[in-house]
Amino acid sequence: MYKTKGGFQLTLQTLSLVVGFMAWSIISPLMPYISQDVKVNPGQLSIILAIPVILGSILRVPFGYLTNIIGAKWVFFCSFVILLFPIFFLGQAQTPGMLMLSGFFLGVGGAIFSVGVTSVPKYFSKDKVGLANGIYGMGNIGTAVSSFLAPPIAGIIGWQTTVRSYLIIIAIFAILMFIFGDKNEPKVKVPLASQFKKLSSNYKLYYLSLWYFITFGAFVAFGLFLPNYLVNNFGIDKVDAGIRSGVFIALATFLRPIGGILGDKFNAVKVLMIDFIIMIVGAVILGISSHIALFTIGCLTISICAGLGNGLIFKLVPSYFAKESGAANGIVSMMGGLGGFFPPLVITYVTGLTGSSHLAFILLAIFGVLAFITMGHLYKKEYAK
């Protein structure tokens with residue numbers, strides 16, 4: 001299993017994920033600056049913030065499958081080359097339509113998540129997969145990097161130049177992956193149709209997809225809507241809002257490998273049930289909060305639970321679907337990405353309908369309860385003997 005290469009490839013792929021997520025999430029933290037030059041209404045804003053998630057979710061299935069066919073090296077390399085185009089186009093954007101188009105293709109940066117979660121387990125023994133995938137998942141910190149750094153840099157050199165600077169970083173990592181990516185990565189050539197046929201009859205795939213829809217969806221959604229939400233609802237300064245959003249993302253990211261470790265040492269489903277109970281409480285807190293202090297407590301609770309939950313779920317995926325890991329990773333991670341697409345739209349709709357976003361957070365709690373019920377069913381069926 002090429003374990004001797006594991007540490008190096010894990011590091012390279014994790015850093016590549018950081019860069020991919022930096023590009024994927026670049027619009028949201030810069031939107032307070034972009035909106036000064038490009039006029040957008042609330043409806044357009046919610047679409048612009050959510051649209052990178054569409055392609056970033058849909059492509060996760062073919063990217064996971066392709067990783068098993070041609071290896072992570074070439075999927076990462078081609079993705080970085082493709083990303084150069086929407087980044088360049090975004091730097092020239094002058095209309096909402098241009099923002100939407102560039103944002104759509106920035107989704108490639110989010111889709112590469114399924115590359116590593118398919119490739120990395122090949123280099124490690126089963127009792128280390130949870131930790132390894134958790135470390136790889138820390139590449140999500142790329143979202144926080146953009147949240148922390150993009151706003152203050154944009155305040156100095158302008159948002160267009162800030163966006164264009166990403167071209168250099170992406171080009172460097174395309175070169176690094178071309179040179180150092182593992183061309184001898186073990187391949188798994190199981191026909192996609194047969195994988196889907198086997199997966200479609202396994203209820204665990206649907207449960208894991210629902211759980212990740214909530215945990216990773218919360219991670220993505222909060223990262224997308226928090227900067228503008230904090231500015232518009234609490235009067236927070238643009239840079240401060242970016243920092244607060246970055247803290248949410250960083251906390252969830254650094255706790256992801258802890259979730260993987262907990263999944264390696266204990267029953268991952270049981271730990272996940274506890275995690276979701278706390279997440280439900282956090283969602284209820286957000287649903288009743290009207291003060292920044294209470295809202296912060298709710299956000300931090302969601303961040304902690306989302307991070308741990310992400311790590312726990314991707315401990316379970318390879319253990320349940322060893323031979324269909326590429327397709328399973330792609331489907332589950334796709335659902336997680338889609339989980340980040342809907343909340344910003346729901347929040348905008350609910351706020352316009354009721355004058356408050358509180359109901360949207362209560363809906364998160366309801367989804368958490370539904371997921372908890374399915375966890376109880378799986379635990380009873382698989383472990384309670």
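Cβ atoms here come from the backbone N, Cα and C positions, even for glycine.
Keep in mind that what you see is a predicted model, and the values were worked out from it rather than measured.
Per Swiss-Prot, the features are:
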TRANSMEM  14-34  transmembrane segment
TRANSMEM  47-67  transmembrane segment
TRANSMEM  69-89  transmembrane segment
TRANSMEM  97-117  transmembrane segment
TRANSMEM  139-159  transmembrane segment
TRANSMEM  161-181  transmembrane segment
TRANSMEM  205-225  transmembrane segment
TRANSMEM  246-266  transmembrane segment
TRANSMEM  277-297  transmembrane segment
TRANSMEM  302-322  transmembrane segment
TRANSMEM  330-350  transmembrane segment
TRANSMEM  359-379  transmembrane segment
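Annotation: stretch 277-297 has the most Cβ pairs under 8 Å to the transmembrane segment (359-379), among 47-67, 97-117, 277-297, 330-350. Contact counts against the transmembrane segment (246-266), taken as Cβ pairs under 8 Å, peak for 139-159 among the stretches 47-67, 139-159, 330-350. Nonlocal intrachain contacts for the transmembrane segment (330-350), taken as residues 6+ away from its ends with a CB within less than 8 angstroms of a stretch CB, comprise 42-43, 45-47, 49-50, 53-54, 56-58, 60-65, 110-111, 113-114, 117-118, 199, 205, 208-210, 212-225, 229, 310, 313-314, 317, 356-357, 359-360, 363-364. If one looks beyond the transmembrane segment (69-89) by at least 6 residues along the same chain, the residues whose Cβ comes under 8 Å of a Cβ in the stretch are 9, 13, 16, 19-20, 23, 26, 63, 98, 101-106, 108-109, 111-112, 115-116, 118-119, 163-164, 166-167, 170-171, 173-174, 177-178, 181-183, 185, 187-189.
Sequence-distant contacts of the transmembrane segment (205-225), counting only residues of its own chain at least 6 positions beyond either end whose CB sits under 8 Å from a CB of the stretch, comprise 25, 28, 49-50, 53, 110, 140, 143-144, 147, 199, 245, 248-249, 252, 272, 276, 279, 299, 302-303, 305-307, 309-310, 313, 316-317, 320-321, 328, 331-333, 335-344, 347, 364, 367-368, 370-371, 374-375, 377-378. The transmembrane segment (97-117) makes no contact with the transmembrane segment (277-297): fewer than 3 of their CB pairs lie within 8 A, with pairs spaced 6 or more apart in sequence.
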